[in-house]
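Taken straight from TrEMBL:
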type: ACT_SITE; residues: Asp147; note: active site, proton donor/acceptor
type: BINDING; residues: Asn7, Glu383; note: Mg(2+) binding site
type: BINDING; residues: Lys14, His207, Leu208, Gly209, Asn210, Gly211, Asp282, Met283, Arg284, Gly330, Ile331, Gly332, Glu333, Asn334; note: ATP binding site
type: BINDING; residues: Arg90; note: substrate binding site
type: SITE; residues: His179; note: site 'Transition state stabilizer'
type: SITE; residues: Arg240; note: site 'Transition state stabilizer'
Amino acid sequence: MKILVINSGSSSIKYQLINMKSESVLAKGLVERIGIEGSRLEQEVNGEEIEIEQEIADHGVGMELVIDTLTNKETGVISSVDEINAVGHRVVQGGKYFDKSVIIDQDVKEKIEECATLAPLHNPPNLMGIEVCEELMPHAKQIATFDSAFHQTMPEEIYMYALPYELYEKHDIRRYGAHGTSHKFVAKKVAKEMSQPIEDLKIITCHLGNGASVTAVKNGKSYDTSMGLTPLEGLVMGTRCGDLDPAAVPFIMEKEDLNPQEMDDLMNNESGLKGISGISSDMRDIGEAAAEGNERAQLALDMFVGRVKKYIGSYTAEMNGVDAIVFTAGIGENAIELREQICSNLDYLGIELDSVKNDVRGATTEISADESNVKVYVIPTNEELVIARDAKKLID
Ligand code: AMP
């Protein structure tokens, strides 16, 4: 069985074709700058990369190019599109409707569209990817996996905001969370690594990438997570501010004469590491600049670390303890010093790193000291594999 995993964004389509027998990646690629000058596709097969530069007017043309590339006689990995048994789509927001992956039908599509009010940047292009694939691969089942689904187990007192209750009733204003597929994957994996049932564990999973979130996983279920109604709340991120006094929003809008859209853009795209450092949203650039003595880069780094620490502390309190902490995603898997800083001075919680074991990038490794009460792990995330596994389960 072969499953194509699609992550369709506003101007890009990320894809992986996975052979489910061996769970191996046959091909992975990216179509970018859709509808913009300089559009291109890059695909990797067994470490060999190809690039195609051509005009890609819309997602339909982009997806046709993906299929052509996958089935190309010389560079392709399948001889016909009919070999693709199912397509698994990453959908950011499933709102209150979805607590697991589903086979897509008209009703599912309508609900994804309805949830677009909560994820206006993500759900519309996700839906566009689904519709294009339905048209180009009518033989294949389409499956949706929601970033918010894992967090549907959060208790009411955690997912509610202390706003007038009518706002929840009228507009479904509440915490939904995101990165659920990743948090679920690494939580399950760490339980396996520890040879303990996940139902017996209290785990804090730190997904630290360009977008970043922390989740408290209690007895195998998401209990709390740092992202909220939208992926803006919580940690300091590449370009997102994370937690903020809500009163700062109208204050800034008035002082800077910004409309709601402009304010939203400021908080989502001009803040975080980029906004503080004035240099870059990329943690590697921030790390280098800080090492050269740039004070604002150092401040951005310290704020990032401090916020993660704060969430680890509060989730430990909320769960009345923690058995394991997991670092994943670009920063979590690779930034050795940053993990060290996050875990420093947490010995009162029983958290101690082993600096030799921590000298690792992108490989599943236990990095805590032998005497640490809390196990600390690096676990590379694999959201595509979760989506493919869910799709396989549903069509089986
Ligand atoms: P992601 O969104 O998961 O792809 O993660 C992207 C982030 O990971 C960017 O901020 C990168 O700078 C960061 N990153 C990747 N490799 C490293 C590294 N070796 N050290 C520090 N940060 C890294």
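Just so it is clear, glycine is given a Cβ too, placed from its N, Cα and C backbone atoms.
Among the listed binding-site residues, namely Lys14, Arg284, the Cβ with the most fellow Cβ atoms inside 10 Å is that of Lys14. Proximity of the recorded positions Asn7, Arg90, His179, Leu208, Arg240, Glu383 to ligand 1, judged by a Cβ distance under 6 angstroms to any of its atoms, singles out none of them. Cβ-based neighbour count (10 Å, all protein chains) for Arg90 (substrate binding site) stands at 22. Using a 10 Å Cα-Cα cut-off from Asn7 (Mg(2+) binding site), the binding-site residues that qualify among Lys14, Arg90, Arg284 are Lys14, Arg90. Taking the Cα of Lys14 (ATP binding site) as the reference point, the closest of the recorded positions Arg90, Asp147, His179, Glu383 is Arg90. Using Cα positions, the member of the recorded positions Arg90, Asp147, His179, Arg240, Glu383 nearest to Asp282 (ATP binding site) is identified as Arg240. Nearest to the residue listed as 'substrate binding site' in space, judged by Cα atoms and limited to the binding-site residues Arg284, Ile331, Glu383, is Glu383. Of all the recorded positions listed (Asp147, Asp282, Glu333, Glu383), Asp282 has the fewest other CB atoms within 10 A of its CB.
For the ATP site, whose binding residues are given in the record as Lys14, His207, Leu208, Gly209, Asn210, Gly211, Asp282, Met283, Arg284, Gly330, Ile331, Gly332, Glu333, Asn334, the maximum C-alpha distance rounds to 23 Å. Looking only at other Cβ atoms within 10 Å, the busiest spot among the binding-site residues Asn7, Asn210 turns out to be Asn7. Summary for the recorded sites His179, Arg240: the Cβ-based neighbour count within 10 Å is maximal at His179. When the recorded positions Asp147, His179, Arg240, Glu383 are screened for a Cα within 10 A of the Cα of Asn210 (ATP binding site), the ones that qualify are Arg240.
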